[in-house]
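Features as listed in Swiss-Prot:
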BINDING   139, 142, 144, 146, 152, 153  Ca(2+) 2 binding site
DISULFID  53-66  disulfide bond
DISULFID  60-79  disulfide bond
DISULFID  73-88  disulfide bond
DISULFID  121-134  disulfide bond
DISULFID  128-147  disulfide bond
DISULFID  141-156  disulfide bond
DOMAIN    120-157  domain 'LDL-receptor class A 2'
CARBOHYD  177  N-linked glycosylation site
CARBOHYD  183  N-linked glycosylation site
SIGNAL    1-29  signal peptide
TOPO_DOM  30-203  topological domain 'Extracellular'
TRANSMEM  204-224  transmembrane segment
């Protein structure tokens, strides 16, 4: 009887151990099994039909998407087929770049962007060449900067006041040559920089000569002091001894 009970308990223990092993293995397998990564791939919505973009937009040829017109010919491909960068930088028949084509044909200046866009200054007003701001013609050569590039004050010269009227004695500035005043501003700044550079060179030469003169004078004074210390004291001692030798004779003659 006892043996039968012992065998039953052993079977139950073995079955329980097997069940625990199965559960443990199942849990480990769940932890080790890689979780599939779900990736999301955006789907391109079908673009609008041809000719459906507003006049202020550009339509890509491949998918028909609408882009801002300023994105065209900006040296950055925005359409998948690159149609927004085609036929850019066209040239006029004489071979020079076309102005106002949004292409930077002058990397160091904004010459090809001058006078671009609508120039609708009313009569009696002038247009600043750099930013296109309209100013009254009476503000020209009034001693106050009204254009951001100082073009309204270039070529004015000195002014004299006679009978309440302001007169310019310099070169007259007209509407035709105001366009080129920004270039004169750059040239004047470069000339002023060269003048300042020349002045700095002159100041450096003067300072070097001054230092050299001071050093030479100090050397001469030092040499004279050494010579006096060695040779100038001997005559002084000789005079003292001669004075001592003459004093007894003087006293004897008096007696």
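Glycine is treated like the rest: Cβ placed from N, Cα and C.
There are 15 other CB atoms within 10 A of the CB of residue 66 (disulfide bond), with all protein chains counted. Mapped onto DSSP helix, strand and coil, the domain 'LDL-receptor class A 2' (120-157) counts 6 helix, 6 strand, 26 coil. With the fewest other C-beta atoms within 10 Å around its C-beta, 88 stands out among the disulfide-bonded residues 53, 88, 141. The number of other Cβ atoms within 10 Å of the Cβ belonging to residue 146 (Ca(2+) 2 binding site), over all protein chains shown, comes to 16. Comparing residue 121 (disulfide bond) with residue 144 (Ca(2+) 2 binding site), their Cα atoms are 20 Å apart once rounded.
Ranked by Cβ neighbours within 10 A across all protein chains shown, the disulfide-bonded residues 79, 147 are led by 147.
If you take the CA of residue 134 (disulfide bond) and look 10 A around it, the disulfide-bonded residues you hit from 88, 128, 147 are 128, 147.
Counting only same-chain residues at least 6 apart in sequence, those with a Cβ under 8 Å from the Cβ of residue 139 (Ca(2+) 2 binding site) are 126, 146, 152. Same-chain neighbours of the Ca(2+) 2 site beyond 139, 142, 144, 146, 152, 153, judged by a C-beta within 8 angstroms of the site's C-beta center, are, in sequence order, 135, 140, 141, 143, 145, 147. Taken together, the residues in the topological domain 'Extracellular' (30-203) have a mean pLDDT of 66 on the 0 to 100 scale. Residue 156 (disulfide bond) is surrounded by 17 other CB atoms, counting those within 10 A of its CB over all protein chains shown. Taking the binding-site residues 142, 152, 153 in turn, the residue surrounded by the fewest other Cβ atoms inside 10 Å of its Cβ turns out to be 142.
A gap of 14 Å separates the Cα atoms of residue 88 (disulfide bond) and residue 79 (disulfide bond).
DSSP assigns residue 66 (disulfide bond) to a strand in the three-state reduction.
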